[in-house]
Amino acid sequence: MNVLENLKKIVSDFLRGKEPYEIAVENFVKELQKTLLRADVNVKLVLELTKNIRERALKERPPPYISKQEWFIKIVYDELSSLFGGDIKPQVFPVKTPYIIMLVGVQGSGKTTTAAKIAYFYKRYGYRPCLICTDTYRPAAYEQLYQLSKQIDVPFCGDPKSSDPIDIAKKCLSYCINNNTNIIIIDTAGRHGYGEEEYLLKEMQDIAKAVNPDEVMLIIDASIGQKAYDLALRFHSATPIGSIVITKLDGTAKGGGALSAVAATKAIIKFIGTGEKIPELEVFDPRRFVGRILGLGDLPTLIDKLKSIERSSDLEKRLTKAIATGKISLVDLYLQIQTMRKLGPLSKILQLIPGLSLLPVDDKQLKISEEKMDKWLAIINSMTYEELRNPNIIDKSRINRIAIGSGTTADDVKELLKYYELVNTMIKNMKRRYGLLRKLGIDLSKIDLGKGE
């Protein structure tokens, strides 16, 4: 569990609190310090950050029509954004092709899976990626990347019989270019633990010299926390690191430490891994990331996820309307259930929508099994147009009719309607929070992935 998620509760408690402003600020700062230290953020960075927040909160006067409490959240948002990299945006899309990316890192950092995730990411945007395995030490490396390449349907090259990674890299590079691919991703070996990478660094230099990559991408496991600072500097001293990917951010308490440590080196974090599934790789934008952990939402990431799903344009339009009106229909819920099959649980989707993640709703309440999804889709399909537009008219006789028509029980229908009310209540509470963001000048509605011409 990422302890930075605690920040949502701290923000929510602050905005709802009745204490005098100065006392509330001091309590907030103390809780923020505890949370950041538990996330393994460097003590010096934490003290400097909270000192800036405290001073700005007590000195700055908010603009007209904005309360002190609301302006304070804006200050926290700005300072945390700076901690994680500020306004630095990576150049995600290459300005020339073919473009060669060489992945480096230590064993266990998630390099091989990340190679497939990156290939899948670029494929979604119309590029033709190719995966190369040069890891001749880990027996399962070739097979793992081969299977992943089949899963995402991209070309793959390697040689399980060869013990020469340099030779493999050269031959496979020619193979990828001859097959008209334009994003070439080279997965290298990662055999040693943190602090014992000398041989790995030498091999990395040799491969880089042989293939002349356009970008060397360092893969770092978020669980190493602030050790990421030394690791990034050590790799960069061996060969210039173009960008960094922080993996496994969803499964560790030390993610904040890793992100802030890498940002302190002035290195560019290009992607973050947010789950085990192939699509769970996101472009890292410090402001969007902070917006999410503070409970302010991250609409660009949600819209970007929706774009990866066929026939999702209707849901995109409905999402925009729901945010504007604070209302959701059963048709919206139907599309959301369909989308959850590909995006993950609703709790994960809702945290991207401004304000919803601040609401005290247990994840267990939002969890839907695959079997239940099938039942609920059948139930909604069995409703009349009138019932879909106005669920309030669904009485006992209608429930029984819907249950018979969908092959389910009356209790199943009631459970769906109860779930619908839960989600609808959350959507209604969202509108005010989103208005606050606009009032504070925090624009999370734009997406800029730095696409080259």
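Going from the start of the chain as shown, residues are counted 1 onward.
Keep in mind that glycine also has a Cβ here, set from the backbone N, Cα and C atoms.
A quick note: this is a predicted structure, and the numbers were derived from the prediction, not measured.
Lifted from TrEMBL, the feature list:
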type    : residues                  : note
DOMAIN  : 3-84                      : domain 'Signal recognition particle SRP54 helical bundle'
DOMAIN  : 97-294                    : domain 'AAA+ ATPase'
DOMAIN  : 98-295                    : domain 'SRP54-type proteins GTP-binding'
BINDING : 105-112, 187-191, 247-250 : GTP binding site
Inset, instruction - Kindly state the mean pLDDT of the domain 'AAA+ ATPase' (97-294) in the predicted structure. - result: 88
Legend entry - Around the Cβ of Gly108 (GTP binding site), the count of other Cβ atoms that are within 10 Å: 14
Inset, instruction - Ten-angstrom check, please: count other Cβ atoms within 10 Å of the Cβ of Leu249 (GTP binding site), all chains counted. - result: 24
Inset, instruction - May I have the DSSP-based helix, strand and coil counts for the residues of the domain 'Signal recognition particle SRP54 helical bundle' (3-84)? - result: 65 helix, 0 strand, 17 coil
